[in-house]
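Notes for the one structure printed next.
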Amino acid sequence: MIQIKSLSVGARLLPLSFELKQGQVTHVIGPNGSGKSTLLEAISGVGDGYKGDIKLDGQDLSELSLQDLSLHRAYLCQSARPAFNLEVFQYLALSLPSSSHGLDIEINAALDEISQMLDISDKLHRSIQTLSGGEWQRVRLAGMCLQIWPTLNPYAKLLILDEPAAPLDIAQEALLYKLIERVAEKGIAVIMANHDLNRTLRHADQVLLLEKGVLQTSGSAEQVLVPEQLESVFNTQVKSISVDNQTYLLFG
């Protein structure tokens, strides 16, 4: 259980409270500048200037060293490609938990499963500098998953993803959501910033709706993704339709 109580970051994020349960997928939604990245950075433990309490199974986040943090959570921020050059498999090796409990056979099994799910098995010996934006993002995602994969790291509790689908095409995005579902099935809590509200409608167990640093509402996707509520926050027309018993949101 991850508990966030009265968390704030100056004027960028006003006090909010919520919980993240193991195996639960939480989407943070809202317009650009609403505080999504600020919230995720604070929860990751690397952000400065936050006030309030963030507890991982009762342990205060501020009391953890960076090494301990890396065992409990993985954080995929919005980031440019690194200046140094490595092959993909070397980069992924650096992503393994600092005190990996896995044997070589377990590491290889985890790498094989994650690489296949993200369709990067044929890229392990490529230079990271030669990858496209979508390929590089999938490699970064693989690294984050290796860091918190339960067979390699029994201390892992949380995966934090800041707009992970942004560089991905439609097919790659589908791979991403299957991977997130797999991570959640392993008992890891997942929290992610997301702009595709139809994906949120289908894949989120919990939704946090932010506007100008304020948590407007939270709850299930069905409770939060109400057209009237979304119109007020996003300042655009929203319509809900049903096709083959599946609900979709239309905008504009």
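Each residue, glycine too, has its Cβ placed from N, Cα and C.
Per Swiss-Prot, the features are:
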BINDING   Gly30, Pro31, Asn32, Gly33, Ser34, Gly35, Lys36, Ser37  ATP binding site
DOMAIN    2-237  domain 'ABC transporter'
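When the binding-site residues Gly30, Pro31, Gly33, Gly35 are scored by other C-beta atoms within 10 Å, Gly35 scores highest. Its Cβ taken as reference, Ser37 (ATP binding site) is surrounded by 19 other Cβ atoms within 10 Å in the chains shown. If you take the C-beta of Lys36 (ATP binding site) and look for same-chain residues 6 or more apart in sequence within under 8 angstroms, you find Val28, Ile29, Gly30, Asp162, Glu163, Ala193, Leu210. Ranking the binding-site residues Asn32, Ser34 by C-beta neighbours within 10 Å puts Ser34 at the top. Each residue in the domain 'ABC transporter' (2-237) has a pLDDT score, and their mean in this model is 93.
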